[in-house]
Amino acid sequence: MAEVMRPEKLEISNDVTSSLASQELLHVLAVDDSIVDRKFIERLLRVSSCKVTLVDSATRALQYLGLDGENSTVGFEDLKINLIMTDYSMPGMTGYELLKKIKESSAFREIPVVIMSSENILPRIDRCLEEGAEDFLLKPVKLADVKRLRDSLMKAEEKAFNNIMLHKRELEANDIYSQLKRAKI
């Protein structure tokens with residue numbers, strides 16, 4: 001029986017300039033059965049100013065997310081994942097199967113999932129994208145790929161934040177209007 005590894009966490013304390021209110025680093029869950037590939041993707045993500053959690057299998061990723069039917073390794077309220085990057089070919093459960101389970105989850109379906117593979121098999125790529133993968137990257141993953149993903153995520157997070165703030169201002173304006181109307185000013 002394979003030994004279950006604890007997720008490796010690496011928190012980077014670089015200053016990231018962004019208009020996001022939380023000023024938090026993007027948190028990426030990286031899933032790969034190859035320690036060499038895990039360390040390589042960790043390095044690329046670190047250089048791109050991301051917080052990284054590494055796991056060695058799709059099953060371990062589900063455990064980390066609390067989607068295995070048992071307790072999560074972290075409290076759900078503390079779990080803020082912005083992106084999941086997973087290898088396609090892994091023993092036990094493939095990255096495609098992990099993608100399907102994540103997209104079936106009401107709690108995590110909105111998290112972008114990127115599939116990585118050293119095999120350029122078009123039907124496989126199409127199937128992953130049709131199932132909801134954000135992207136499909138050929139290994140070795142390049143720093144430009146990671147930076148493009150990070151920039152895209154940052155823009156999406158910023159847009160979501162701006163939409164929330166706009167909605168909040170609209171609600172406040174409506175509330176002020178209602179108060180003035182009641183006061184007949």
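Here the Cβ of each residue, glycine as well, is placed from N, Cα and C on the backbone.
Automatic, uncurated: that is what TrEMBL annotation is.
Among the features that TrEMBL reports, domain 'Response regulatory' is placed at 27-154. Feature annotation from TrEMBL assigns 4-aspartylphosphate to Asp87.
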Counts of helix, strand and coil residues, the domain 'Response regulatory' (27-154), according to DSSP: 56 helix, 25 strand, 47 coil
Neighbour count (Cβ, 10 Å) for the residue listed as '4-aspartylphosphate': 24
Model confidence over the domain 'Response regulatory' (27-154), averaged pLDDT: 90
